[in-house]
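> Just passing along the structure, written as structure tokens.
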């Protein structure tokens, strides 16, 4: 009888252990959900990078978008690295911690946030695009941003930046817009969707070039708070000395100043 | 460490080495900014988090691309390959003690680039092996980015 109870107990423990282990394993194995989105060859990535700068002409026929996440993810990380490099070449003395957090937050926030927003708009405008495709499209659109920032962080000419902004930024925006237009029906919807995307994409590049330095410095200013300046003029108690000593000291200091 | 392909080394993974290296690198990178009193804590934590977060991302990426290496083995390799960059950090600190000018910058740049190349090659030798042959470039690129960011942190370090 006791043996039976023991056997039942052992069984229970074994089953419980198995269940817990399989739960933990399935959580880890959920990574397999993302696996098909990373199934890509280097040649394909290269082709897609180049294609992201070429606006398509056929907008009456829904253009194919590859739902792949490797390229976009790498482009976002590259953008973060370029932003950090830009900070170094602009010689801004910044705490690297806040800088890194801001860079990562900005880039990922843009990629995920704007993708979600445009996906929501696309849902409202009856455009045929899935979330992964939108993430992929916007991610590859960041390739133009990467090139522009890489060049203009090293060659500091405002006019050069504007040319790059218009040409490179414009090309990648046109491509995204053309693909979206090909998948949307109706003029108003096309206008809303593409206008929003174009505006956000171009403004983001502008923002990254100009406001980023100021944004980070602004964050630092608010974080540092009422900072004591290194040179502090505090009223101190002057020991009682004779006037003569004071006068000669003042005169000597005035001479040296 | 050296770009040798050894599967026995991979099987005996441990995370002590990477932890020690990461902590020493984070300690050495501390205090490199204007406000040293407030920055000691957060800066250490930021470097620590970035190294481990970056390593996790690279590991996940190589697994998603169909790699046969396990999670902790990959973390172990990436952690140990931070050693050349820690050495570079040490050298940079010593060079900066001598004075900071163009010459010292050039020396530091050369040292950091050399160590960065060594780190990348070493970790590539281990990690790329576990990938199908035509996808090696896809795994190498994030490793390159990761060590580039760490090298950038080392190169722009200015002690106060």
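Cβ coordinates come from backbone N, Cα and C, glycine included.
Here TrEMBL flags B:10-153 as domain 'Yip1'. Residues or ranges marked as signal peptide in TrEMBL: B:1-34. The transmembrane segment annotation in TrEMBL covers B:44-65, B:77-99, B:105-127, B:139-158.
Relative to the rest of the structure, where do these features sit?
With a threshold of 8 Å between CB atoms, the same-chain residues lying at least 6 positions outside the transmembrane segment (B:44-65) that come near it are 18, 22-23, 25-27, 29-30, 71, 74-75, 78-79, 82, 127, 130-131, 135, 138-139, 142-143, 146, 149-150, 153.
Outside the transmembrane segment (B:77-99) by six or more residues, the chain places 1, 10, 13, 15, 17-19, 21-22, 24-25, 28-29, 51, 54-55, 58-59, 69, 107-108, 111-112, 114-116, 118-119, 122-123, 126-127, 143, 146-147, 150-151, 154-155, 157-159 with a CB less than 8 A from a CB of the stretch.
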> Looking only at residues six or more beyond either end of the transmembrane segment (B:105-127), which have a C-beta under 8 A from one in the stretch?
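Distant Cβ neighbours of the transmembrane segment (B:105-127) are 1-5, 10, 58, 62, 67, 69, 74, 77-78, 81-85, 87-88, 91-92, 95-96, 136, 139-140, 143-144, 147-148, 150-151, 154-155.
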> Residue counts in helix (H, G, I), strand (E, B) and coil for the domain 'Yip1' (B:10-153), per DSSP?
120 helix, 0 strand, 24 coil
> Between 0 and 100, where does the mean pLDDT of the domain 'Yip1' (B:10-153) sit?
77
